[in-house]
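Single-structure report; data block below.
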Amino acid sequence: MSRAILTINAGSSSIKFALYALDGELARHPYLSGQIDGLGAAARLVAKSAAGERIADDALAEGIKHAAAFDALLGWLDAHQQNSRQIVAVGHRVVHGGERYSQPVRLDAETIAALEQFVALAPLHQPHNLNGVKALAARLPGVPQIACFDTAFHRTQPALAQLFAIPRALTAEGVRRYGFHGLSYEYIARVLPEHSARADGRVVVAHLGNGASMCAMRGLRSQATSMGFTAIDGLMMGTRTGALDPGVVLYLMQEKGMDAKAIEKLLYKESGLLGVSGISQDMRTLLASDDPHAAEAVDLFCYRIVREIGALAACIGGIDALVFTGGIGEHATEVRQRVCAALGWLGIELDPVANGSGLRRISTAGSRTEALAIPTDEEWMIAQHTRDLL
Ligand SMILES: Nc1ncnc2c1ncn2[C@@H]1O[C@H](COP(=O)(O)OP(=O)(O)O)[C@@H](O)[C@H]1O
Ligand SMILES: CC(=O)OP(=O)(O)O
Ligand SMILES: [Mg+2]
């Protein structure tokens with residue numbers, strides 16, 4: 001039987017999967033892929049064939065959670081992957097690898113136990129990532145499972161960019177800036193030279209999905225990033241605050257009597273686009289709404305991006321190219337338009353026709369700084385790392 005690699009990417013609002021043929025060479029595109037998205041709101045399972053033909057588009061139960069969504073996905077895969085290829089390895093996106101894991105690693109009981117220690121540092125991701133590993137291990141006993149880390153790409157950051165201004169003993173314990181979305185940044189770094197002659201220069205990549213972060217690169221390596229110890233820091237997100245004065249947390253504890261669990265819920269699940277709009281965490285819904293609170297949520301989302309781009313450009317001494325990616329970065333032309341409109345001073349001039357037409361280059365020919373929109377492909381990075389470790 002011919003062979004395949006399965007990839008699993010459990011994000012905060014979605015679970016994505018892809019199956020890649022492995023006939024000697026790893027196929028560049030999956031023969032079957034799909035996702036459950038809209039977790040937490042109106043979840044759907046969508047899948048497509050190699051030819052891009054839609055072979056599933058099913059609404060799932062209202063309010064379905066990650067664990068039940070995983071079962072639905074694996075059930076669907078069992079039914080559709082039958083008599084097809086033999087899955088010889090499963091590659092997982094695992095959000096937090098801490099200080100210990102800067103390379104992909106084969107999962108066993110010991111590594112899973114080590115990775116469970118980071119659950120509190122990534123509560124929207126790490127438990128779902130590890131539950132996915134366990135679910136697959138039960139379905140495909142003996143098949144190697146590989147963890148690919150979101151934190152790994154950022155291990156090249158200079159020491160200063162990884163430091164918090166806290167007592168050294170805490171830093172020595174590992175309380176420092178890690179950064180996330182590394183598989184997405186690694187993919188963009190891999191393909192950017194095909195799209196821009198400035199790829200090797202000063203580049204800021206904005207990964208704008210339900211989770212959102214930015215990475216400043218030089219020589220296609222991470223120099224600074226907006227997320228830190230956890231995936232709450234930096235930009236405003238679907239349900240996460242982004243950077244918040246730590247004094248707010250003290251106020252919540254001392255004046256509102258909130259405990260750690262309640263604060264975690266507020267910071268991770270009730271804030272961001274959802275908290276400010278009071279309507280939804282989903283950018284599509286907010287852009288379509290005429291509620292002023294929805295408009296203010298989108299305004300704040302764009303404002304925070306603009307501000308963070310200024311900060312990251314300062315860290316790398318300027319900017320030659322700005323890249324948008326992630327669900328919002330790839331599709332929300334209006335968000336790109338608003339961000340670029342505020343960055344004329346950094347030499348960005350958007351081409352409105354290109355921005356609306358699905359082109360990779362969205363800045364004008366005369367723009368001093370290039371702007372690009374490039375779809376990310378975390379699955380392809382996971383598949384390659386998995387093949388390499390096999
Ligand atoms: N056509 C679109 N226009 C605007 N926003 C979109 C569009 N398609 C997807 N999005 C937004 O992308 C976000 C999800 O991004 P994605 O990267 O898939 O999420 P995750 O962080 O779970 O991986 C949601 O806010 C969604 O509304
Ligand atoms: C790290 C993170 O926020 O991931 P996602 O965007 O998939 O939620
Ligand atoms: Mg994602």
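Residue 1 is the first one shown; counting continues down the chain.
Using the three backbone atoms N, Cα and C, a Cβ is placed for every residue, glycine included.
A TrEMBL annotation is a machine prediction, not a hand-curated record.
Remember, it's a predicted structure, so these values are computed and weren't measured experimentally.
If you check TrEMBL, you get these features:
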ACT_SITE  Asp150  active site, proton donor/acceptor
BINDING   Asn9, Glu378  Mg(2+) binding site
BINDING   Lys16, His207, Leu208, Gly209, Asn210, Gly211, Asp282, Met283, Arg284, Gly327, Ile328, Gly329, Glu330, His331  ATP binding site
BINDING   Arg93  substrate binding site
SITE      His181  site 'Transition state stabilizer'
SITE      Arg240  site 'Transition state stabilizer'
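Structure with TrEMBL features highlighted.
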| residue | record | contacts (Cβ under 8 Å, 6+ apart) |
| --- | --- | --- |
| Asn9 | Mg(2+) binding site | Ile15, Lys16, Phe17, His92, Arg93, Leu183, Glu378, Glu379, Ile382 |
| Asp150 | active site, proton donor/acceptor | Arg93, Val94, Val95, His96, Gly97, Gly179, Phe180, His181, Gly182, Leu183 |
| Leu208 | ATP binding site | Leu235, Ile305, Phe324, Thr325, Gly326, Gly327, Ile328, Gly329, Ala332, Val335 |
| Asn210 | ATP binding site | Gly11, Ser12, Ser13, Ser14, Met237, Gly238, Thr239, Gln281, Gly327 |
| Arg240 | site 'Transition state stabilizer' | Leu124, Gly211, Ala231, Ile232, Leu267, Tyr268, Ser271, Gly272 |
| Asp282 | ATP binding site | Gly38, Ala41, Gly238, Leu273 |
| Glu330 | ATP binding site | Phe324, Ala373, Ile374, Pro375, Thr376 |
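Considering other CB atoms within 10 Å as the measure, the emptiest surroundings among the recorded positions Lys16, Arg93, His181, Arg284 are those of Arg284. In this entry, Lys16, His207, Leu208, Gly209, Asn210, Gly211, Asp282, Met283, Arg284, Gly327, Ile328, Gly329, Glu330, His331 make up the residues listed for ATP, with the farthest two CA atoms of the set 19 Å from each other. Less than 6 Å separates the Cβ from ligand 2 in the case of Asn210, drawn from the binding-site residues Asn210, Asp282, Arg284, Ile328 in sequence order. Ligand 1 lies within reach of Ile328 from the binding-site residues Lys16, Leu208, Ile328, Glu330, Glu378, judged by a C-beta closer than 6 angstroms to any of its atoms. Counted within 10 Å of its Cβ, the other Cβ atoms near Ile328 (ATP binding site) come to 26, all protein chains included.
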